């Protein structure tokens, strides 16, 4: 199928599930900042007037979890009159955290394939499959639909925080549909933005008048600024633009829907454009390959595309709990590769060390929270873990690796 419409969505930091992801990763940042060897699997639940922290943590760090939770909720924007019914200062915060199972800890600390190589000593924290993807549709080598959906969500949050549109509240979602012809993006078919707002705007309470006001404001202050540097731009006469299609969006955030860590895994990755292994990222320390190996798979895929060895690349990795080396490595280039997929796999095995300890070392994952002032993983917990133009993410820095791949591939050309 060469002609089609593909759609991806994003959500703002005030979405209930994203509140949870940010809290879980804020806990991770705090623990790793004090104790880089912390083992963390932190899950968060939010509902009307309630936040629950649960999971398994083994760490020497001392963290005031209740204070941390309230600060994250406050920074997102749920405080006082702008809280939309969920307030950082008054919500109940419950903490129910246990230690990591000694059976799991044993497998991670002493890998089944242990030998004299220190990086073989750390086994994978669980079994699982992870996918990484890259394509040449955008400068950051991400699919255009998810890239544009994130741009809109980021800009929507920005105009709220800066009070450019002072009637906006924290919860919101974006969705973008792109027209493809012969497999290439050619135009923006539809943009959908759902955003929480006050029940009254400048004295206006009529539902349709409010919706029209929001629509006009969002086109001017969100859509245009978010897309002004793109080659493919929305056209006000051709691009379908939908805003709050149900009519109004006053009740939102945890007051409107319960939230849970790990429920936006497609938003976190490639917007459905590539396959997903099923594992979430937030609240998990780097020994959890759901997170670290997914970052490594993106690193590999992006390096391949950056080296111009393929226009599209999807990499699958699989692991067994307590075993350091990947069980399997698979690369798919969708008939866009300049060398065979078997040759690409050889290059991957030669140039990328995909054992958990090696990934952690390559990306400095244990020490980045402290290096970044206690806030690293939390910043990835909204607006995507890949292709971020606003963050310095080590798995996105592929220039050096891509150059080596390009040089090494010459023997196959």
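Each residue, glycine too, has its Cβ placed from N, Cα and C.
Keep in mind it's a predicted model, so treat the numbers as computed, not measured.
Look at Swiss-Prot and you will find 15, 171, 172, 173, 248, 249, 257, 263, 264, 280, 284 tagged as ATP binding site, backed by sequence analysis. Here Swiss-Prot flags 17 as Mg(2+) binding site, drawing on sequence analysis. Taken from Swiss-Prot, the feature K(+) binding site covers 43. Marked as L-methionine binding site by Swiss-Prot: 56, 100, 257, 288. What Swiss-Prot records for 100-110 is region 'Flexible loop'.
Looking at the residue listed as 'K(+) binding site' and residue 257 (ATP binding site), their Cα atoms lie 17 Å from each other. Of all Cα pairs drawn from 15, 171, 172, 173, 248, 249, 257, 263, 264, 280, 284, which the record names as binding ATP, the longest spans 36 Å.
Using a 10 Å Cα-Cα cut-off around residue 264 (ATP binding site), the binding-site residues 17, 56, 100, 288 reduce to 17.
Compared over the binding-site residues 284, 288, the count of CB atoms lying within 10 A of a residue's CB peaks at 284. Per-residue confidence over the region 'Flexible loop' (100-110) averages 58 (mean pLDDT, predicted model).
In the three-state DSSP reading, the residue listed as 'K(+) binding site' counts as strand. The binding-site residues in question are 43, 56, and the one with the fewest Cβ neighbours inside 10 Å is 56. Distances between the Cα of residue 248 (ATP binding site) and those of the binding-site residues 17, 56, 100, 288 are shortest for 17.
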